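Take a look at the structure below.
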Amino acid sequence: MIGCLIVHGFTGTPQEVEDIREYFAEKLWLVYTPELPGHDGTKESLKAASYQEWVYKAQIALEELLERCDKVYVIGFSMGGVIAGYLAANYPVDKLVLISSAAYYLNPKQLAEDLSGWVLEGIRGELEEDDVYQFYRDKVMRTPISATFEFAKLVRKLRAAFHHVTVPVLIVQGEKDGLVPARSARYIYEQIKSEDKQLFFMEEAKHYIWYSDQKDTFLTELDRFLTGGEDTLKRSRDSHDEDSDPKAIHL
């Protein structure tokens, strides 16, 4: 049996990665999407949680999958990508996928563009209809400062684990991500020692890549990487401009 652990992001829930879970569960994989401590949607719970508890919860889920399955893949989103990298460096997993992983966070340029758009929508009276604005506003309102410090500590303490990852890795980053800058994906790519490592940039995607128009492409690439299907990285390189960055593929 194939097992798959999906670790959600800071202030998120398993629901935010449900599209990914559902996609691979349909293949009859055993897919775990544990809710990290404090991430039940309430400010009080998040305030009481520590980054060590977040890591421990993911470890417990992974250890169970390793006991039950012949192969285990780990997928991490945002802060969950940092946790996933730590797990891949310390446990015998088979492959690792990192999505919008927060080795660094906040992309000032894209964030400024988003804010400018929200200002214009506010002037036109359309802001309350903007789903992205509503989403981020709700996240900010229910995030205590103490939890933000825990998030920063987690990134600072676990980021070095990427240097010890040797399994095959797929790194996917949205070019319009206002929370995690492109340099985070490039940093992770450079740190990881795997011989098989792939870096994809989704040109039209923001932080939640699977909420973009490139959702189908995104899920297809995850599927190809994890199941050993046709390699988009190879196909892209066959026709890629030799003068452009050889490390990354832009989709």
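Placement of Cβ uses the backbone N, Cα and C atoms for every residue, glycine included.
For Ser78 (active site, nucleophile), the same-chain residues lying six or more positions away in sequence with a CB closer than 8 A to its CB are His8, Gly9, Phe10, Gly12, Ile99, Ser100, Ser101, Ala102, Leu179, Val180, His207. Per TrEMBL, the feature active site, nucleophile maps to Ser78.
The active site, charge relay system annotation in TrEMBL covers Asp177 (among others). Neighbour density for Asp177 (active site, charge relay system): within 10 A of its CB lie 26 other CB atoms from the protein chains shown.
In the three-state DSSP assignment, the secondary structure recorded for His207 (active site, charge relay system) is coil. Residue density at His207 (active site, charge relay system): 24 other Cβ atoms are found within 10 A of its Cβ, drawing on all protein chains shown. Annotation source TrEMBL lists active site, charge relay system at His207 (among others).
Around the Cβ of Met79 (substrate binding site), the same chain contributes Gly9, Phe10, Trp54, Ala102, Phe151, Leu154, Val155, each under 8 angstroms and 6 or more positions distant in sequence. Annotation note: Met79 (substrate binding site) sits in a helical segment as assigned by DSSP. What TrEMBL lists as substrate binding site is Phe10, Met79.
TrEMBL lists 4-210 with the feature domain 'Serine aminopeptidase S33'.
The Cβ neighbour count for Phe10 (substrate binding site), using a 10 Å radius and every protein chain shown, is 26.
If you take every residue in the domain 'Serine aminopeptidase S33' (4-210) and average the pLDDT, you get 86.
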